[in-house]
């Protein structure tokens, strides 16, 4: 027999500290918490093995392939500052292990099996470096930031949105009315809630019809292009595509998808359809916290955001930064840049473990949504800049005078902040004053500020 059977240490094969990473490798940074007594090198090597070619023993078919060409390699390990028994293990995967243009296959390979591994107490995927050669096999976002601005004819400011509430229970006609009021007041977009699909109280086709009516009516009144994120998420891919086709037939500008609950395969199909048919695609991240909330186990949202840019979407929810802890701000802005920019430098203070080159893959607009209102507008304008969508749900619909005045208040606040910024004023310091000044000209804003 040419080999010894039996259990062997992973680090003999898969821990290669002198490996020079290739430009075509997919690189991963894992936060590893080994079980007591397991050395970090063994834990890191185990991750590399289990997420690539390895199994727990030598098998005779190993002789039929070139392990050196196909194995994942743990090439560097560093302790995590301030945590005991946590390490960052860097793993390099040869590109040949992955199917072209498939986020699904990339995740199945890298995170499919290894998270249940006994030698690890916990494991978190912190970041991925996607090589240019692999990026080029993806279509990416259907349109991207610049094309979206051209389609909507809106420049030099963030876009404004609003989720229609109450999210469940309205009839289609009343729902359409709420959409119309918001758009008429000055918002660019309104949004289906992520769990509005096609329930007994409001079937999807009725909702699409009444929302389209609201869009056309408000466009005629305001002279601006309007949109409503029609949620096409469904129980089957076929049904999802049927909804997207109907949206296209109505001539509306944008549809929406829940990419984690719907799955990457469905999302990529929808993104391809959207590019072929001129629809923008808004992405909601329902279920993300199940995956990304634990600090020591799961997948960091920046990886899910990168995956979405590859799979395809023109907007994605990315948190608000406002009112959160300071440390969160840098981390959030780190993955906001990963969504928007062509080239992002490695910067550990912002949680970016690798330099990422997206070559010419279109960018994604980050969406700030959840618990924000007009007083946050100066901070949001400063933090997110022009290329973003700011969504005020309760902040619009909670206005004492109704939806349209609520929309007016948000639009006035936004225009005031953009104008102040363009005049060189400091939004962080003078924010409240800027909003108060604008209140003098807008009774709607004044009412919202009380």
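Note: Cβ is positioned from N, Cα and C throughout, glycine not excepted.
From the candidate list 66, 218, 369, the residue Swiss-Prot records in the substrate site shared with 113, 163, 167, 285, 317 is 369. The two recorded residues, residue 191 (Mg(2+) binding site) and residue 284 (active site, proton acceptor), have Cα atoms 10 Å apart. Listed in sequence order, 193, 393, 394, 397 are the same-chain residues at least 6 apart in sequence whose CB falls under 8 Å from the CB of residue 165 (active site, proton acceptor). Residue pair residue 284 (active site, proton acceptor) / residue 194 (Mg(2+) binding site) shows a Cα separation of 7 Å. Annotation note: residue 284 (active site, proton acceptor) sits in a strand segment as assigned by DSSP.
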